[in-house]
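A.B. asks: Mind having a look at this structure? Questions to follow.
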């Protein structure tokens with residue numbers, strides 16, 4: 001059974017829209033954990049468009065589950081992670097002009113850089129995950145740079161329908177198995193919703209799903225704890241063929 005990591009970036013987005021003090025994502029974490037979140041995920045972007053350094057420091061002290069820090073593979077972010085010591089670092093690609101992360105890391109192209117960052121973080125007992133597209137060549141290189149984890153990008157699956165979605169689901173299943181055979185542990189996320197999460201949650205070998213936007217959206221209607229609880233129930237008892245379109 002996969003666990004649930006709740007991404008709280010969109011709470012910070014609302015706060016930063018007015019450059020004020022609320023809603024405070026740090027205060028919302030308790031509600032997410034009460035709803036059943038197994039971990040909390042935040043992305044500290046280089047432009048600080050939502051999560052701020054202040055948030056990270058407070059989250060490190062207040063998260064009772066696990067803190068997963070998503071970040072770009074830069075010297076600035078590596079130094080922050082080494083000082084913070086989150087429970088996990090997930091390295092992601094980052095472009096200032098994008099609304100959200102648009103694709104996986106090119107591990108092949110950035111192999112030496114990623115290997116060096118992974119060595120530094122792992123040396124301080126910080127597990128590192130690489131956010132990658134479900135492509136065999138990328139997975140092979142994830143293993144070669146000594147990443148402990150990967151997070152499979154589910155964005156293409158999330159935006160397709162019918163036979164195209166079935167194909168993307170098969171690709172995710174196949175590459176989860178390949179990643180496991182390379183000694184990698186597997187998470188997944190991006191674009192997952194209450195309507196499409198169950199087939200992904202049912203994939204054998206996926207350990208955690210990182211989900212944010214759909215949970216925060218649902219929370220506007222039912223509250224954050226209930227929104228998390230509803231998502232968790234879908235992940236715990238997934239139906240492999242359940243697509244609610």
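Here the Cβ of each residue, glycine as well, is placed from N, Cα and C on the backbone.
Okay, these came from Swiss-Prot:
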BINDING   7, 18, 191, 212, 213  3-amino-2-oxopropyl phosphate binding site
BINDING   9, 10, 45, 50, 100  1-deoxy-D-xylulose 5-phosphate binding site
ACT_SITE  43  active site, proton acceptor
ACT_SITE  70  active site, proton acceptor
SITE      151  site 'Transition state stabilizer'
ACT_SITE  190  active site, proton donor
A.B. asks: Just to confirm: which same-chain residues, 6+ apart in sequence, have a Cβ under 8 Å from the Cβ of residue 10 (1-deoxy-D-xylulose 5-phosphate binding site)?
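C.D. replies: Result: 50, 212, 213, 216, 217.
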A.B. asks: Any idea what the Cα distance is from residue 43 (active site, proton acceptor) over to residue 191 (3-amino-2-oxopropyl phosphate binding site), rounded to a whole Å?
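C.D. replies: Checking the Cα atoms of residue 43 (active site, proton acceptor) and residue 191 (3-amino-2-oxopropyl phosphate binding site) gives a distance of 15 Å.
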A.B. asks: In angstrom units, rounded to an integer, how far apart are the Cα atoms of residue 151 (site 'Transition state stabilizer') and residue 7 (3-amino-2-oxopropyl phosphate binding site)?
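C.D. replies: About 14 Å separate the Cα atoms of these two residues.
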A.B. asks: Please find which two of 7, 18, 191, 212, 213 have the most distant C-alpha atoms, given that the record lists them as binding 3-amino-2-oxopropyl phosphate, and give only that distance in angstrom, rounded to a whole number.
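C.D. replies: Between the most distant Cα atoms of the 3-amino-2-oxopropyl phosphate site, 26 Å.
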A.B. asks: When you rank 9, 45, 190 by Cα distance to residue 18 (3-amino-2-oxopropyl phosphate binding site), which of the recorded positions ends up on top as the closest?
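C.D. replies: Spatially nearest to residue 18 (3-amino-2-oxopropyl phosphate binding site) by Cα position is 9.
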A.B. asks: By CA distance, which of the recorded positions (7, 70, 190, 191) lies nearest to residue 45 (1-deoxy-D-xylulose 5-phosphate binding site)?
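C.D. replies: Closest by Cα distance to residue 45 (1-deoxy-D-xylulose 5-phosphate binding site) among the recorded positions 7, 70, 190, 191: 70.
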A.B. asks: Expressed to the nearest Å, what is the distance separating residue 7 (3-amino-2-oxopropyl phosphate binding site) and residue 70 (active site, proton acceptor) at their Cα atoms?
C.D. replies: 10
